[in-house]
Amino acid sequence: MKPVKKTKAEEPELEPLCCCEYIDRNGEKNHVAACLCDCQDLDEGCDRWITCKSVQPETCEKIMDTISDRLRIPWLRGAKKVNISILPPLFLLPVFLRVASWHFLLGVVVLTSLPVLALWYYYLTHRRKEQTLFFLSLGLFSLGYMYYVFLQEVVPKGRVGPTRLALLTCGLLLILFALYRAKKNPGYLRNPAHNDRALSGSQVECLNRKGPEKPKGFPSADLSGGLNNRAPKDETKDSPRTSAGSPAKGKDDWCAKCQLVRPARAWHCRICGICVRRMDHHCVWINSCVGESNHQAFILALLVFLLTSVYGITLTLDTICTDRSVFTALFYCPGVYANYSSALCFTCVWYSVIITGSMAYIFLIQLINISYNVTEREVQQALRQKTGRRLLCGLIVDTGQYNRGFLRNWHQFSTLGAHPFHHPAEDIV
């Protein structure tokens, strides 16, 4: 018998992509210049909108998927996709703040509507169990834009010296460094039986076309950017591996999605799609979970942000309202809207006050939880099951399960991540 010759024609190799080409969601090669060509979903939506006909929600989702798939920037070895959720803050925030600087009433309306819109988008994304870069983009761009306004409008007035400017700049850099540390691995739990292998570019594109799995369930959100992801309906299902490889409490500790037995205080995040060791909550401001490995960096980022923000607000008010104290100038600064430059600074001050107030509330809740050695997820679970002890109108919730006293609780928090695989015996029993 003649040996069969294997020709390369049977399995043609894919040609390398140029900087403007990419593989779209249909698995076909496309070009950045053709982003407006052959878009049937968008054409249909525009036709129905022009003819005053209602556009179906399915059509809107297809249009958004098409836009997000074609919104790319040229890059080496293929154009990279741009997450569409990072774009609104880059355009809307400067416009809103400058419009709010025109008049006092416009400022009240704009600064009141911004938190409402942010909360609406927060609940919208969390109801869909979707990751979003909107809040991370909003936070980073707010820092950059506030610093830009400070350099352009406050520093030239001559009341901020080089030392104060250097101190504020160092605070900004420390915030970015702390955010970088907080964005790292929060303590993901991976099944050792399923080693993750690196995916090629074509495999990543294929997974993106399939889309993330959308689990069922209706979580309840908290005010600190956290999300209670526990759903007993899905997680307490009996699995063939539960009775074989899990302990007596395996039914509660077994994660059917990650196929592993969770250690004490670990939890499965439905947004990240993976279990996190000592999970506190999923924070939208860093687009990641806060867990055992990054909880300290998260607290540090909050602390540095609060100190830097208060310092910047103080310097700005001291510049535009020279004859009044900081607290008085915040509520009464006559003549501030007579000059557009001072009006813009005053508007940015109030925007910073709103953001700082919300972050201060999150920081306070975190300090209380650490002092009582509870996580935000455990607090939400205790409130739902009415098993925790509520103090100060519910501001403090003590479950009593891991509380060992104020000093020992803070000592345990200060050593988080030092021994990631070691837990006290009372945490396991």
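The backbone N, Cα and C atoms fix where each Cβ goes, glycine too.
Taken from TrEMBL as is:
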- 82-99: transmembrane segment (TRANSMEM)
- 105-124: transmembrane segment (TRANSMEM)
- 133-151: transmembrane segment (TRANSMEM)
- 163-180: transmembrane segment (TRANSMEM)
- 210-252: region 'Disordered' (REGION)
- 231-240: compositional bias 'Basic and acidic residues' (COMPBIAS)
- 250-380: domain 'Palmitoyltransferase DHHC' (DOMAIN)
- 297-317: transmembrane segment (TRANSMEM)
- 337-364: transmembrane segment (TRANSMEM)
Same-chain residues at least 6 beyond the ends of the transmembrane segment (105-124) whose Cβ lies under 8 Å from its Cβ atoms: 96-97, 99, 132, 134-135, 138, 221, 225, 284, 347, 350-351, 354, 358
Whether the transmembrane segment (82-99) meets the transmembrane segment (297-317): three or more C-beta pairs under 8 angstroms: no
Tertiary contacts of the transmembrane segment (133-151) (same chain, 6+ residues out, Cβ under 8 Å): 83, 85-90, 93-94, 97, 118, 121-122, 125, 168-169, 172, 175-176, 179, 225, 284-287, 312, 315-316, 344-345, 348, 351-352, 355
